[in-house]
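Participant: Structure incoming, see below.
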Amino acid sequence: MAADAITPTTTTKQQDTSGSASLSTTESLQEKPISKDAPPLTPGEWKRLRWRLDLRIVLLFALLYMWSAMDRSNIGNAKLGNILEDLDIPDSTYNVGMSIFFIGYIIFQVPSNLVLKKIGPNLWMSLLVTFTGIIVACSAAIKNGAGLLAVRFFLGIAETGLFPGTVYYFSIWYTRREQGKRFSIYYASAAVAGAVGGLLAYGIMRMDGVRGMHGWQWLFLLEALPTIILGIATFFILPGFPSTSKALNERERASLMKRLETDWAAAAAGEDDTKSPMSEIRAAFTDWKMYHMAFTCFFGSSVFYGLTLFLPSIVRDMGFANLEAQAMTVPPYVIACIFMILLGTDADRRVERGFHVAGSSFVGMLGFILLAACHDKGPVALYIFACMAVAGAYSQFSVFITWASNNFAGRTKRAIATAFIAAGGNIGGAIAGQIYRANDAPQYIRAHSVCAAFLCCHVILVLLLKYMLHRINKQRDNMSIDKYDAACKRYEQASDWHPDFRYIT
């Protein structure tokens, strides 16, 4: 990923881009002094720095999220490995277990981002990922339905901070127009997890009976080990904040901070060190965008998580055997991964979000409509429709959550808003555990219809959001000088409410 050319989304009316608005000043950690006289980086140096950061940030987070997604969804593969029959767990308890994961996941998302901001990302992410691996390993010791519910609940708590923390972390290292492609690569790792998880499950399940253990027990143990190793490594590899990280020298730090400061300059007043965090907290919880995006995310995530948890069962019920179904989940995820990266790259290139999200969701909606309407067309046709559904449902989310991060300025406000929106999506995840019911098998007509309806709602809400943000931008473009001056005084500490700020639509 070479360095991207950045043109800040600001107006030319009145702009204070002095050093007072440094993105780093709200951090409670001790900052390194930033030289204002350091010579800027050359294009070649920028390219090398960006590649170095991408390897340490994007690649590491992609690996973390890939294993996190596998740890979260391997219960679906364990189901095909007869965990329910071995432990005499009814299907209803299994579905509750899919939903209870999101209770712990939702409750701690906003607090998790605030802790990350306080103690630093490398320590907090390391603790979360290591704890996740330990919980997954404990899953091998499940003896009954109660154990399944307990493990899923604590797994939700362990994984709660990774996703919203990543969204926030990317926003403090990359400009708004650099985030889409990188977040798509990060989120594509979830699709890779689906593909790799299917292949691993196909092989590991053949260990059934080795050392007197079931195949699903080996699945939990062997997939937990890399998670624990990655968690420990994160503490040493992941850079902290740009203003404090030892990964940057003085010139790199000064140039990067200036680049980030310029990108967010329209909301500079919302980033200064005289501002109380409480004002940003109030700004977050009184901003209609946060609630609209959380509601929109609910519909998209319900479908995404439904596929994550139940795709192995959906494919099996098309007429494939259990082990064969494990392997057949790989191609849909590979297609989704490619589609996701292409979508995010194009969204960054065009500096556009809404149509990309809506278009992706529309593809997924068509896939589900065809699955429901053509349920008697045979396994090949159904499998193709499933690939469409997975590609559309997965790809929309990466661009959508980048869109959310792009349009909230002020570090504390952005941390709260992205976590709140992710929590809204995870309420959808709790619902997802109840969409695909055993009594709907093998055609799942009702479940596919619900997913199609949810994606239809998602498309409508996304287009409505794009229209409203575009309208606000137009109003700010046409604002009179008197209204502009009044708005500057009124919103001098309101981040993205500042009249110089332009939303990415």
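In case you wondered, yes, glycine gets a Cβ from its N, Cα and C as well.
Just so you know, TrEMBL annotations never went through curation; they're auto-generated.
Note that the coordinates shown come from a computational prediction; the quantities given were computed from them, not determined experimentally.
Copied straight from TrEMBL:
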type	residues	note
COMPBIAS	13-28	compositional bias 'Polar residues'
DOMAIN	57-476	domain 'Major facilitator superfamily (MFS) profile'
REGION	1-39	region 'Disordered'
TRANSMEM	53-70	transmembrane segment
TRANSMEM	96-116	transmembrane segment
TRANSMEM	123-142	transmembrane segment
TRANSMEM	148-171	transmembrane segment
TRANSMEM	183-204	transmembrane segment
TRANSMEM	216-238	transmembrane segment
TRANSMEM	291-311	transmembrane segment
TRANSMEM	323-343	transmembrane segment
TRANSMEM	355-374	transmembrane segment
TRANSMEM	380-403	transmembrane segment
TRANSMEM	415-435	transmembrane segment
TRANSMEM	447-469	transmembrane segment
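Help me picture where these features are in the structure shown.
Facilitator: Long-range contacts of the transmembrane segment (53-70) within the same chain: residues 1, 125, 129, 132, 159, 162-163, 166, 169-170, 173, 182, 185-190, 192-194, 196-197, 200, 223, 226-227, 230, 234, 237-239, 247, 308, each at least 6 residues beyond the stretch ends and with a Cβ under 8 Å from a Cβ of the stretch.
Within its own chain, the transmembrane segment (123-142) is flanked in space by residues 64, 67-68, 71, 74-75, 83, 87, 112, 115-116, 148, 151, 154-155, 158-162, 165, 213, 217-218, 220-221, 223-232, 234-235, 238, which lie at least six positions past its ends and keep a Cβ under 8 Å from the stretch.
Sequence-distant contacts of the transmembrane segment (291-311) (same chain, six or more residues past either end, CB-CB distance under 8 Å): 69, 72-73, 75-76, 98, 102, 190, 194, 329, 332, 361, 364, 368, 386, 389-390, 393-394, 396-397, 400-401, 403-404, 417, 420-429, 431-433, 435-436, 447, 451, 454-455, 457-458, 461-462, 464-465, 468.
Within its own chain, the transmembrane segment (323-343) is flanked in space by residues 77, 80, 181, 184-185, 187-188, 191-195, 197-199, 201-202, 205-206, 311-313, 315-316, 356, 360, 383, 386-387, 390-392, 394-395, 398-399, which lie at least six positions past its ends and keep a Cβ under 8 Å from the stretch.
Among residues of the same chain six or more beyond the transmembrane segment (380-403), those with a C-beta under 8 A of the stretch's C-beta atoms are 167, 179-180, 183-184, 186-188, 190-191, 194, 293, 296-297, 300-301, 303-304, 307, 311, 314-315, 318, 328, 331-333, 335-336, 339-340, 343-344, 347, 353-354, 356-358, 360-368, 370-371, 374, 418, 421-422, 425, 448, 451, 455, 458, 462, 504.
Long-range neighbours of the transmembrane segment (415-435) within the same chain, counting only residues 6 or more positions beyond its ends whose Cβ lies under 8 Å from a Cβ of the stretch, are 95-103, 105-106, 109-110, 112-114, 116-117, 163-164, 167-168, 171, 280-281, 284-285, 287, 289-290, 293-295, 297-306, 308-310, 397, 401, 404-405, 408, 447, 450-451, 454.
Residues 289, 292-293, 295-296, 299-300, 302-303, 306, 353-355, 357-358, 361-362, 364-365, 368-369, 371-372, 389, 392-393, 396, 400, 407, 428, 435-437, 440, 503-505 of the same chain sit 6 or more residues outside the transmembrane segment (447-469) yet have a Cβ under 8 Å from a Cβ within it.
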Participant: Look over the recorded stretches 96-116, 148-171, 216-238, 355-374 and say which has the most C-beta pairs under 8 A to the transmembrane segment (183-204).
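Facilitator: Looking only at 96-116, 148-171, 216-238, 355-374, the most contacts with the transmembrane segment (183-204) come from 216-238.
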Participant: Residue list, the transmembrane segment (148-171) vs rest of chain: Cβ under 8 Å, 6 or more residues beyond ends.
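Facilitator: Contacts of the transmembrane segment (148-171) (Cβ under 8 Å, skipping residues fewer than 6 from its ends): 57, 61, 64-65, 68, 71-72, 75, 87, 89, 93-94, 96-98, 100-110, 112-113, 115-117, 121, 124-125, 128-129, 131-132, 134-136, 138-139, 142, 179, 182-183, 186, 401-402, 404-405, 414-415, 418-419, 422-423.
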